[in-house]
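Peer 1: What follows is a single structure, and I will ask about it in a moment.
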Amino acid sequence: MSSKPPPPPPPQKLSVAAAAKTAAGSGKGPGFTAATTPYIKDRGPVSWPSLFLVAIAASSLVAYYNIERERRLESAMGRVVSSESAGKPAIGGPWSLIDLEGELVTNVSFQGKWLLLYFGFARCPDICPSEMLKIARVIDGLKETHPQLASKLVPVFVSVDPARDSLTALKEYAKDFHPDYVFLTGSPTQVQDMAKKYRVYVSKAEETDDGDYLVDHSIVVYFHDDKGELSDCFTQSMRPKDISEKIVEKMTTPEGLIA
């Protein structure tokens, strides 16, 4: 009597993950899917709340960067104003440009006046107009509260884009701003020399297809006393009220007292 062959071994049971892995490795199955791995859920599109949180995080980072940049700039400007070398201020110096009438104007032309000096360009879409209007508010406010001090103040705009800011262009641009403003331009060499003395960062952006371009530059108002020396610097983050208080403080100290 012949013996019966042994029964076949029972089929080996694999875990869900092992079965999926085996199928994926053999090339005969779909691998990991929602069917073979119930704990893996199909993810739908990103929800609006998630996008909102991402936007808030991005905005917070940008705001932090701008605040930190302003803080460092204010700190650096404070050191520049307070530091002296051989009795001379760390920034500034002799310069010569031309006004809207084509007349020569130099740093000596403003002896006896306190200057609010700003570097910008006429085609600036937002920052330059905003800063210039802020200074205009300062001047008008001081005319009401401290008229004697305001009479000694002169706001000055220096173009860092002489290639496009011709006298004609600046005359048209000046119509939109406070009548007390003095607008100055010059040759590229003259402008570059003055910007270098004031440590103004100037960089021409890449031109568009129609030849237009922006100019990236420092956003600082340089405040000079009536002797032509740098007294303070006002950054973009400062409010008109803050600037006015600084001006009054500087102009009424024993060194700059106006009776």
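Just so you know, the numbers here start at 1 and follow the chain as drawn.
Cβ coordinates come from backbone N, Cα and C, glycine included.
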Peer 1: According to TrEMBL, Cys124, Cys128 bind Cu cation; which one of His217, His224 is listed for that same site?
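Peer 2: TrEMBL lists Cys124, Cys128 binding Cu cation, and from His217, His224 it also lists His217.
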Peer 1: Check the DSSP secondary structure of Cys128 (Cu cation binding site), expressed as helix, strand or coil.
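Peer 2: Cys128 (Cu cation binding site) sits in a helix per DSSP.
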Peer 1: If the Cu cation site is taken as the center of the Cβ atoms of Cys124, Cys128, His217, which further residues of that chain fall within 8 Å of it by their Cβ?
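Peer 2: Going along the sequence, the neighbours come out as Phe119, Gly120, Phe121, Ile127, Glu131, Val160, Val215, Ile219.
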